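Heads up: the structure comes next, in structure tokens.
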């Protein structure tokens, strides 16, 4: 489609249809750098066509640059000269003047017109070589324009300057043309050289050309530098070879660097090209440089397109510079001008996006497209330890942020500060489909790009925090020993889960598909833990039951052995987790719970008959409850039969009850103490009676001897006879369990208190808590998919963090198993073919459980996307196509409205002219009538 638009644009230009040309540029944002043939782009064709000034202006308005060289190292000026059109040349000069904000724009314009073509000729030499009587009026007009604009007449190529070439051509011209040359040269050249032209005109033979005399000029570093400062670029250009030959090579190199810095500072592009041809060191810094940085840094900062391209494409140009024992990146240097305070991880703000100037965009794109700008460069750290992506996000340079992410910048924690609209736009562009997909063909391919999630890898040496982006490269043995190619991959997604405004993007098919594939790689750890804890539960619980019965059967021995094996396996698991990451293991609460469970189980297995029976019962309870709790915790991590959602509901409702009960417990305790205040003294009166009458005490094996009066223990509990019983009974009554048959309700005060409790607590508070629980449940159900993804991310992030925390043989093996990059998804892209199969190349798929041995090959399966994600991808692709269509329609409407407005304005103007002509005609008729009547 874009190729077709480019062809339409070129056709409109060839037909001279400026309106259609403008409409296509406005509507489709077509790039004029499109090559219409192997030798020329649309913009170059426009420049080389006479009388195309309107098209030149339109092209420059959008994306064309007058400073960018093409792949043949030709500046746009070359094609303007080829057009041999003074109108085009004047248009270029006017465009340069319009974009120039310095106090002396003529110097920079002169520097531009002094640029050389691919044959090292300046524009004067090119035109003079074409000069003849037949084209004199056209060519000499251009020559005069260039000389007045400051092009160097004395620049020599192969021993000939433009002035010499003009004198050679002068002899062949007619007398009338010779006189015109003499008249012009008398205004711009020395009297001696003008006399030579006169002699040539009279003698019709060659004379020696007098080279401009510089004998009185001292060719020193200071004077040469002063020539650049004053803008005398032609004199500098002529004298540079003499200066170089007059001094040692070492001294010249030092001076050339200083000249280059002045040329860059004053945007003298022709001088920069000249110095680059004369072996200047582009990475060196002069002694007087206040910034301490090479010129390419300053050229990028000042958005000097042509100069930056010339320096960047130099084979020795470096994009890093070491200063104060730290490497400075050219992008980091650019953003230092915006940093008013240190950058922090929390940088979300409400500032509007900042727009880059056209030249800034061109420079930035030149940098990103350069071969030296790889992922190492893009993900390099600045002095504060931050990536360049942090800076672009912080300062709201959305264009740069998108381009960096597309080029391979690691998203990392920078996602915290991204605007929602920007993140959505970027994620939408990560999914692409071919035309076959929209046509419904079977062989269609969907591409998903995960390049922005490719993590950084850490340097192994002394465990330094030096991070470099993962590249798909062939690592040597030294590289493998220096860098760990595996790194944590879930950090950006974990950052998204922590920011409420961004959590909706977890449902985006790019993110959800990545989570699914990653889950397939790492879920075996969760399933293994689940099977292990089930093995422990189903062996230890029967063992406890048989131990309680004091059985010596064969079955008891079997379950004793199975319990011992399961505990050993759990101890082995805990040991591996401990050695993989000591810090993570020690700081985890769940690990301490596991330790308590295992210690209790070991005590029971080894010493259950040596310890008191009551203590053995308590340990059995601890082991069973903790094992069941871990089982439900692991079950909640699995997206199986929606159990993760139900587990989340359970935790949410528990949290709600605890939170609100803690708040309302004061009211329940108030009622408890009130009930005790009414009935508690009855218990103490009965105790006094027992002691007085010496009634017997009742006791049992499990309950200490207590004095029982006034009925059974249930009566004592239900009638609030003690403080503990009163509190417990009040909380039980909250659930609606009153057991009124046991409650003594004598007395009006007690009845009123009981009715008040029934209304406020049993009815109002109880139903309030139930309503809150239902509300929580409905909320979780409505966000079930989001919660499921959230749970998976946290699980995988925690698992990765523990595995990558510390180097060990088992940990290193686990890294290779659970990591997607760089082995499983080497290019950061996957391709969906055959509806749901995931490919990483034309024939290679992602294998789940690829680490398993050959005899378990039935477990190795091709990774596939589920129908739900495929449906989301389908909807997204259709929305993108619809959005693109709507955008084109909106632009078409805007263009048509603008066109209609212009036509209406022209019509009004035409009507005014008609009205004016009519009025003039009436006046004329009136005058004629008056003259006729007078006669």
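The backbone N, Cα and C atoms fix where each Cβ goes, and this holds for glycine too.
Away from its own ends, the transmembrane segment (521-541) comes close to residues 559, 562-563, 565-567, 569-570, 573, 601, 623-624, 627-628, 630-631, 634-635, 637-638, 795-796, 799-800, 817-820, 824, 848-849 of its chain (Cβ-Cβ under 8 Å, at least six residues beyond either end). The transmembrane segment feature in TrEMBL is assigned to 521-541 (among others).
Mean model confidence for the domain 'Ion transport' (534-784) is a pLDDT of 76. Feature annotation from TrEMBL assigns domain 'Ion transport' to 534-784.
For the transmembrane segment (553-572), the list of distant contacts is 532-533, 535-536, 539-540, 542-543, 546-547, 594, 598, 601-602, 605: same-chain residues at least six beyond its ends, Cβ to Cβ under 8 Å. The transmembrane segment annotation in TrEMBL covers 553-572 (among others).
Taking Cβ pairs closer than 8 Å, the transmembrane segment (592-609) reaches residues 540, 544, 547, 560, 563-564, 567, 570-571, 574, 616, 619-620, 622-623, 626-627, 629-630 in its own chain, all 6 or more past its ends. The annotation transmembrane segment is assigned in TrEMBL to 592-609 (among others).
Sequence annotations record features per position, and here TrEMBL assigns transmembrane segment to 621-645 (among others).
Here TrEMBL flags 657-678 (among others) as transmembrane segment.
Residues annotated as transmembrane segment in TrEMBL: 748-769 (among others).
Sequence annotations record features per position, and here TrEMBL assigns coiled coil to 878-931.
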Distant-in-sequence neighbours of the transmembrane segment (657-678), which means Cβ under 8 A and at least six residues beyond its ends: 720-723, 726-727, 729-731, 734, 747, 749-750, 753, 756-757, 760-761, 765, 768-769, 772-773
